[in-house]
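Here is what Swiss-Prot says about this protein:
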- Arg28: active site (ACT_SITE)
- Asn46: active site (ACT_SITE)
- 13-103: domain 'Acylphosphatase-like' (DOMAIN)
- Ser2: N-acetylserine (MOD_RES)
Amino acid sequence: MSTLGKAPGALKSVDYEVFGRVQGVCFRMYTEEEARKLGVVGWVKNTSQGTVTGQVQGPEDKVNAMKSWLTKVGSPSSRIDRTNFSNEKEISKLDFSGFSTRY
């Protein structure tokens, strides 16, 4: 087996922050629901700056699908201006057993 490239099913972790009208519009609830549908783990929470922040972990294709959702979809009443992603990296194991809302 080649050590070059990524192993099939490689796990990925990424932090995110979503800007726009994302508080008071059930954004966290919909984020949690979408994460469970996709089978990714992590967390989501509101910030005092009016943004939503969190972390997503899982198979690379599922994390990429969640990144797309956090950038383009959101909750029905939200308005996403931009989403910043940081600390994107490959991981050897998941740090969470599910997806939760933090307060």
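The backbone N, Cα and C atoms fix where each Cβ goes, glycine too.
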Residues in the domain 'Acylphosphatase-like' (13-103) grouped by DSSP into helix, strand and remaining coil: 25 helix, 39 strand, 27 coil
Asn46 (active site), number of other Cβ atoms within 10 Å: 18
